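Novice: Quick one: this structure, given as structure tokens, is what I'll be asking you about.
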Amino acid sequence: MTNIRKTHPLMKIVNNAFIDLPAPSNISSWWNFGSLLGICLILQILTGLFLAMHYTSDTTTAFSSVTHICRDVNYGWIIRYMHANGASMFFICLFMHVGRGLYYGSYTFLETWNVGVILLFATMATAFMGYVLPWGQMSFWGATVITNLLSAIPYIGTNLVEWIWGGFSVDKATLTRFFAFHFILPFIIAALAMVHLLFLHETGSNNPTGITSDTDKIPFHPYYTIKDILGALLLILALMLLVLFAPDLLGDPDNYTPANPLNTPPHIKPEWYFLFAYAILRSIPNKLGGVLALVLSILILVLVPTLHTSKQRSMMFRPISQCIFWILVADLLTLTWIGGQPVEHPYTIIGQLASIMYFLLILVLMPVASTIENNLLKW
């Protein structure tokens, strides 16, 4: 008798993706983040669903409804903090996942990589709109500042901003539509994640060496299912430590003040995972230039495959490129720190230098280092 797992139309898809999938025998823990992102997404959709049952997307009651969730709803506080801190875990996993792709040359799977970049943009859009929903001071002013950036687009800018706002300022219409988009986008992300996986399974996984692993494959289950479970346990441990011991560690105290259009907070800043991009935006004195730099800071990932000049795929055996990669990581941490600081000396100049370094490292130094390493191979 044939196994139902291998014959049933639905089970067959699951089997070929998660059970009998041939996987390289040497993929390290850096390959865990894909499954962790899946877990984060499921967690966010579930906690978000329960929050949406009690939330009201009206400017007069939004802030109160979030307070009501935390005070009166059974376990509402834990659902709310799991959702807020779950977003942080999501972005930690995202950054690790992208970093892994950059380090080991996974970007040579073009379709998988490009769908991944779209996923990153979609997740960032979702997180931004979610941050607006509690309707605190930072929610309101964050929404005002970031949507206002679109007014820098020549000719259509102002009309575009007012169209997004649904009026002449961030108000009821804006909050309602942001809630609608925040609800639908995670499902679009889930669909895109399936496309991401579909493209990945056309080629099979990369591995730390960057060398084809067709001669040495092992089944995904039980080897990598158990490895993913360990990763998931560590993820949940980290999340629950954050939720139960320091739920407001990564949040902004200003968001515990209801939104007030007449009172601007002294330092408007986004959640920590957007600070690097915010620092790049602020480091350019021109509005349109800043917006372009902001978009390019993420869109630059699309160019990475075309900038790959090395004869080797992975950075495992490329010490110069490794060095540049870790300088890039340090640069991004510097930008994250600067994004959270006020616009004054010496932060402005540090931010400008770090922004220049960011683009320089990716566009110039990495391809140059690869070419040098190619020449060193001849020695």
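Here the Cβ of each residue, glycine as well, is placed from N, Cα and C on the backbone.
If you look up Swiss-Prot, you'll see 33-53, 77-98, 113-133, 178-198, 226-246, 288-308, 320-340, 347-367 marked as transmembrane segment, on the strength of similarity to another entry. What Swiss-Prot records for HIS83, HIS182 is heme b b562 binding site. What Swiss-Prot lists as heme b b566 binding site is HIS97, HIS196. According to Swiss-Prot, the feature ubiquinone binding site maps to HIS201, an assignment based on similarity to another entry.
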Novice: Cα distance, HIS182 (heme b b562 binding site) to the residue listed as 'ubiquinone binding site', nearest Å?
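Specialist: Per the Cα atoms, the residue listed as 'ubiquinone binding site' and HIS182 (heme b b562 binding site) stand 29 Å apart.
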Novice: Whole-number Å distance between the CA of HIS196 (heme b b566 binding site) and the CA of HIS182 (heme b b562 binding site)?
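Specialist: With distance taken Cα to Cα, HIS182 (heme b b562 binding site) is 21 Å from HIS196 (heme b b566 binding site).
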Novice: Short question: most Cβ pairs under 8 Å with the transmembrane segment (226-246), which of 33-53, 113-133, 288-308?
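Specialist: Maximum Cβ contact count belongs to 33-53.
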Novice: With the transmembrane segment (33-53) as the reference, find which of 77-98, 178-198, 288-308, 347-367 contributes the most Cβ pairs under 8 Å.
Specialist: 77-98
Novice: Measure from the CA atom of HIS97 (heme b b566 binding site) to the CA atom of HIS182 (heme b b562 binding site) and give the result in Å, rounded to a whole number.
Specialist: 23
Novice: Return the count of C-beta atoms lying within 10 angstroms of the C-beta of HIS182 (heme b b562 binding site), excluding that atom itself.
Specialist: 21
Novice: In sequence order, which residues at least six apart in the same chain have a CB under 8 Å from the CB of HIS97 (heme b b566 binding site)?
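Specialist: HIS97 (heme b b566 binding site) has long-range Cβ partners PHE33, GLY34, LEU37, GLY116.
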Novice: Give me the count of other Cβ atoms within 10 A of the Cβ belonging to HIS196 (heme b b566 binding site).
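Specialist: Taking all protein chains shown, HIS196 (heme b b566 binding site) has 21 Cβ neighbours within 10 Å.
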Novice: State the residues, same chain only, that lie 6 or more residues beyond the ends of the transmembrane segment (113-133) and have a CB under 8 A from a CB inside it; answer 'none' if no residue qualifies.
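Specialist: For the transmembrane segment (113-133), the far contacts come to 55, 57, 62, 66, 87, 90-91, 94, 97-98, 101, 106-107, 139-140, 142-143, 146, 174-175, 178-179, 181-182, 185-186, 188-189, 192-193, 195-196, 199, 270-271, 273-274, 298-299, 301-302, 304-305.
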Novice: Taking the Cβ of HIS83 (heme b b562 binding site) as centre, how many other Cβ atoms lie within 10 Å?
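Specialist: A 10 Å sphere around the Cβ of HIS83 (heme b b562 binding site) contains 21 other Cβ atoms.
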Novice: Do any residues, 6 or more residues outside the transmembrane segment (320-340), come within under 8 Å Cβ-to-Cβ of it, and if so which ones?
Specialist: 99, 102-103, 269-270, 272, 274-280, 282, 310, 347, 350-351, 354-355, 357-358, 361-362, 365-366, 369-370, 372-373
Novice: Looking only at Cβ atoms, how many others are within 10 Å of the one on HIS201 (ubiquinone binding site)?
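Specialist: Summing over all protein chains shown, HIS201 (ubiquinone binding site) has 14 other Cβ atoms within 10 Å.
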